[in-house]
Every structure is written in C-alpha cells, then in structure tokens.
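As annotated by Swiss-Prot, disulfide bond applies to 34-45, 40-56, 44-78, 66-86, 80-104, with the evidence given as sequence analysis. Among the features that Swiss-Prot reports, signal peptide is placed at 1-17, with the record citing sequence analysis.
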C-alpha cells in the first residue's frame, strides 16, 4: 500500500511538472520563427521580403490584404481568417511571381 501511495505521488508530481502546450517545433506563438504555417497556432507563417526570416503572424481579417492559401505554407500576406475568402488575382503568373494578393471579403 505504501509503495502504491509513493508511486501515485511521483506520478502526480511529474504531471504537474510537465511543460504547457507551448511548442518548440509546432504550436508556435505569434512572432516566433517558423518554416511553414503548419507550425503556427495562427496558421500563418509570414515574411515581409525574400531575405527576411519568416515568423508566425495572425491571419488576415476582413478588408485586409491577403494571399490565397498555398501548399508551400509561407506567405508575404497571410491568408484570410475562417469564413472569409481572398478575392484577388487568380492567374498562374500571379502565383509564380508571388503577386497574387487580394482582399479578405465575407462572401
């Protein structure tokens, strides 16, 4: 009985000592360095220029500039929040040159 009690106390102390949900590789907060949007809590890995480091950023709100979601997962402009659509250039040239920015609209 005494061993069971000690084991229970050890298990509880380990459970309380475990770190919170903050991640090192995934579940990153806004402003932390990222390589892909899947790593960010917000769902957007953003960089301002080709030479800048990408950081997690909030998704674009209504009437803000946006980029359509891509398979690459790193954006110059973040995609729209849930329920909004990015209305803008949908050409192949725009997606190749990364100039296919639009505006988030509630359609």
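Using N, Cα and C of the backbone, Cβ positions are placed for all residues, glycine too.
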Rounded to the nearest angstrom, how far is the Cα of residue 104 (disulfide bond) from the Cα of residue 86 (disulfide bond)? 5
Top Cα neighbour of residue 44 (disulfide bond) in the set of disulfide-bonded residues 34, 56, 66, 104: 56
Across every protein chain in view, the count of C-beta atoms other than its own within 10 A of the C-beta of residue 78 (disulfide bond) is 26
Hey, of 34, 66, 80, 104, which of those disulfide-bonded residues are within 10 Å of residue 56 (disulfide bond), Cα to Cα? 34
Checking the disulfide-bonded residues 34, 40, 45, 66, which are within 10 Å of residue 78 (disulfide bond) at the Cα level? 45, 66
Of 34, 66, 104, which disulfide-bonded residues are close to residue 40 (disulfide bond), meaning a Cα within 10 Å of its Cα? 34
Out of 34, 45, 66, point to the one nearest residue 80 (disulfide bond) in space (Cα versus Cα); all of them are disulfide-bonded residues in the record. 66
Let's check the environment of residue 104 (disulfide bond): how many other CB atoms sit within 10 Å of its CB? 24
Alpha-carbon distance [residue 104 (disulfide bond); residue 34 (disulfide bond)] in Å: 23
Across every protein chain in view, the count of C-beta atoms other than its own within 10 A of the C-beta of residue 56 (disulfide bond) is 22
